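Chemist: Quick one: the structure is below, and I'll ask about it shortly.
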């Protein structure tokens, strides 16, 4: 199999994975599902932290404990099956269990899905690196993002054409489809090969600790990232508050459309801005997110197209935060130092996400929807802290 064939297979795998992320999203479909089955509202607070932290924290121990397995495709396939089964089990839980049991079960399955994603994310980097030469890897990710974005829009438009009464069944169909798509992607990995050289785990761990202790730039980057990730943490509340208050019927497809459109229309613009100044991209993105939170909370009953418009703006702003963060890491570090930055940052941010999830779950039962103001304030603090970031240009 030549490189072009391997390229097409990897684009297919990446596109299906990104589409599944949209269909079973901790920001849109899962908050809506929890609201529709009557699960406790505080569970919504832990969806994004568990989804993101579950994919970040395990990567280091997984890397240490699987370094003897040279065939990374076996690990990737195992992670894919874990995700497919975990998503599939959400269906009977949502249908047959009482609201509290279903909500807790869905969160547990999300945790298992995140573990599978962590394994896939870690091994897919090795697979892509071995099968695709430099100069084509960025194109691969770009094509996959575009394809999955278009498929997401198509999925949302198909849902829009349905009746409003099909709300919960439509979500269950989306979840079942995502589970099936993970299985469909497995045959695409046939004939792909990868080679992995075992590294000295002890030396790697010492380098990680040393990087964290002695690099001031990394410390400030982690602090800013932890504050600015509230742009992702607040997103489920836009969906859940709108679903409980809106009289517009089944509006989830419009939220999915808003998320996909935000990525499609803004990613290139944020990329160009980040190339000029990644820190400036972080600042503008955080301001957009924070102002959108205040706008959303002052809208009467979070109704109609205004709530969906706010969700679009929130995703546009967070695209700037995400793009700026990734570009900043690329610019301030090179080679092995960059790898260490990513590893340390992901581990710490994953732990912080879990802590914030627990904090906000308890806080939500006390202050309710006012939690959106708390998260907006954290983003403003994150924007202010970017002034301590090392200049990357």
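The count begins at 1 with the first shown residue.
Here the Cβ of each residue, glycine as well, is placed from N, Cα and C on the backbone.
Automatic prediction, not curation, is the source of TrEMBL annotations.
The transmembrane segment annotation in TrEMBL covers 74-96, 102-120, 140-160, 166-188, 222-239, 251-271, 278-298, 304-321, 341-361, 367-389.
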Chemist: How about the transmembrane segment (166-188) with the transmembrane segment (278-298) - do they touch, taking at least 3 C-beta pairs under 8 Å (6 or more apart in sequence) as contact?
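Modeler: No; fewer than 3 Cβ pairs under 8 Å.
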Chemist: Counting Cβ pairs under 8 Å that sit 6 or more residues apart, are there three or more between the transmembrane segment (367-389) and the transmembrane segment (251-271)?
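Modeler: Contact absent: fewer than 3 Cβ pairs fall under 8 Å.
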Chemist: May I ask whether the transmembrane segment (102-120) has at least three C-beta pairs under 8 Å with the transmembrane segment (304-321), counting pairs 6 or more apart in sequence?
Modeler: no
Chemist: Grab the same-chain neighbours of the transmembrane segment (222-239) for me: Cβ-Cβ under 8 Å, and only residues 6 or more beyond its ends, written as numbers and ranges.
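Modeler: Here the qualifying positions are 26-28, 30-32, 44-45, 47-49, 52, 252, 255, 282, 285-286, 289, 293, 296, 302, 307, 310-311, 314-315, 317-318, 321, 325, 344-345, 348-349, 352-353, 356, 360, 369, 371-372, 375-376, 378-379, 381-383, 385-386, 388-389.
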Chemist: Count the Cβ pairs between the transmembrane segment (102-120) and the transmembrane segment (251-271) that lie under 8 angstroms and are 6 or more residues apart in sequence, then report whether there are at least 3.
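Modeler: By the criterion, they do not touch.
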Chemist: What residues in the same chain, six or more past the boundaries of the transmembrane segment (251-271), come closer than 8 Å to it by Cβ-Cβ distance?
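Modeler: For the transmembrane segment (251-271), the list is 22, 25, 27-29, 32, 145-146, 149, 152-153, 155-160, 167, 170-171, 238-239, 242-243, 281, 285, 305, 307-309, 311-313, 315-316, 319-320, 323-324, 327.
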Chemist: Who are the chain neighbours of the transmembrane segment (278-298) in space, where the CB to CB distance is under 8 Å and they lie at least 6 residues beyond its ends?
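Modeler: Residues packing against the transmembrane segment (278-298) from afar: 224, 228, 230-231, 234, 238, 270, 307, 310, 313-314, 316-325, 327-328, 331, 369-370, 372-373, 375-377, 379-380, 382-383, 386, 389, 391-392.
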